[in-house]
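*Asks:* Here it is, the structure in full.
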Amino acid sequence: MKRKTISGQLVNASPKQKQLISLSQFIIEEQLKIPYASGEFSALLNHLVYAAKIVGREVRKAGLLDGILGSTEDTNVQGETQMKLDQYADNAFNNSLKICGHLCVLASEEHEEVIQIPEGYAIGKYTMAIDPLDGSSNIDTNVSIGTIFSIHQRLDPGSKAPGEHKDLLQKGSKQICAGYIIYGSSTMLVLTTGKGVTGFTLDPSLGEFLLSHPSMKTPEKGDIYSANEGNAGYWSPEVQNYISHIKSIEGGKKPKTGRYIGSLVADVHRNLLKGGIFLYPNDTKSSKYPNGKLRLLYEAAPMALIAEQAGGMAVTVKGERVLDLQPTELHERTTLIIGSKNEVEEFLKFIPKK
Ligand code: P6P
């Protein structure tokens, strides 16, 4: 029986042959391949997964729970209204991660300042930057939302002192792990440790993430483009010209298909599987998002590592590689053009060379 892989390759397989590998088994096997792996990293991932299962459970039944939908009276560091599920997810991830003993410091979209490891708990050699629930404005409408995470090794791995900003403010190219959980028609965890991209789907009956998308590769080109065209009037002429180009039917050209959910995890995940390009440019004619909306540390950089590891690309509207950007602030924003290699390269043709 011939079956297709994500990248469209035909492989011999039959349902009986597909061995169900759990994320825990995968992490252990991956760890065995890394001679210096101490098991700390594997334990850290298991704490992340534990919190993801808790959040996924609440997201799945949010409509049935009193007091979990809707917004709070609070706003987060971004000045955005905090949804109740935002706060729930933030608590779930932070409470599990800050006491796991493998982190020296945490950064969360929901907290202005870094989150230190509580007194009495071991300080580890990794840092985590996380967007606990991205796309939360979609929660009440049952649209897919997600969690995005980025893991670095601290600058001095031997130190047992509390972590600092500098341990978090590292280039995306230095991430040792990055990924996302998408709470969609199923709950999937997609991650990379720098050796390709792997997807796991939660089997609710087992409470386990099972390997479902080994070696994920994004198609080199794709017909989908994702952008909030309501902002088009604010974009630079170059970006506007690119968007006009991909929508043009001149000379019988086939326009691209517009697909925009407004949830970064959902838009990037769909384009990762089907091919295409996602754009969040900056506003050049308003003060709303002069540097772009998406946050570098816990949105753009982890997604950029996933994209590159899957054979795609991730750049800014100036054509800079996102993974080469040097962060200077925890919540700094960036523009993001991410997706299939050929599509991002096509975009770059519209950007003036320095
Ligand atoms: P807009 C969600 O708030 C988010 O941070 C990303 O998940 C998403 O891609 C983007 O903002 C959507 O922004 O301005 O199009 O609503």
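Every residue, even glycine, has its Cβ placed from backbone N, Cα and C.
Okay, these came from TrEMBL:
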DOMAIN    22-214  domain 'Fructose-1-6-bisphosphatase class I N-terminal'
BINDING   E109, D131, L133  Mg(2+) 1 binding site
BINDING   D131, D134, E299  Mg(2+) 2 binding site
BINDING   D134, G135, S136, S137, N228, Y260, K293  substrate binding site
DOMAIN    219-350  domain 'Fructose-1-6-bisphosphatase class 1 C-terminal'
*Asks:* In the structure shown, with every protein chain counted, which of the binding-site residues S136, S137, N228 has the densest set of Cβ atoms within 10 angstroms of its Cβ?
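*Replies:* Max Cβ neighbours within 10 Å, all protein chains included: S136.
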*Asks:* Within 10 Å of D134 (Mg(2+) 2 binding site), Cα to Cα, which of the binding-site residues E109, N228, Y260, K293 are there?
*Replies:* E109
*Asks:* Around D134 (Mg(2+) 2 binding site), how many other C-beta atoms are within 10 angstroms of its C-beta?
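*Replies:* For D134 (Mg(2+) 2 binding site), the 10 Å Cβ neighbour count is 27.
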*Asks:* Return the member of S137, K293, E299 nearest to D131 (Mg(2+) 1 binding site) in space, with distance defined Cα to Cα and candidates limited to these binding-site residues.
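*Replies:* Nearest by Cα distance to D131 (Mg(2+) 1 binding site): E299.
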*Asks:* Per 10 Å Cβ neighbour count, which of the binding-site residues D131, G135 ranks highest?
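*Replies:* The residue with the most neighbouring Cβ atoms within 10 Å is D131.
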*Asks:* Can you list which of the binding-site residues E109, D131, G135, S136, N228 have their Cβ under 6 Å from some atom of ligand 1?
*Replies:* G135, N228
*Asks:* Excluding D131, D134, E299 themselves, which residues in that chain have a Cβ inside 8 Å of the centre of the Cβ atoms defining the Mg(2+) 2 site?
*Replies:* E109, G135, G146, T147, I148, L264, V265, L294, R295, Y298
*Asks:* Can you name every residue in this chain, apart from E109, D131, L133, with its Cβ inside 8 Å of the center of the Cβ atoms of the recorded Mg(2+) 1 site?
*Replies:* D86, A89, D90, S108, E110, I130, P132, D134, S136, T147, I148, Y298
*Asks:* Just to confirm my parser: what is the rounded mean pLDDT across the domain 'Fructose-1-6-bisphosphatase class I N-terminal' (22-214)?
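*Replies:* Mean per-residue confidence for the domain 'Fructose-1-6-bisphosphatase class I N-terminal' (22-214): 87 out of 100.
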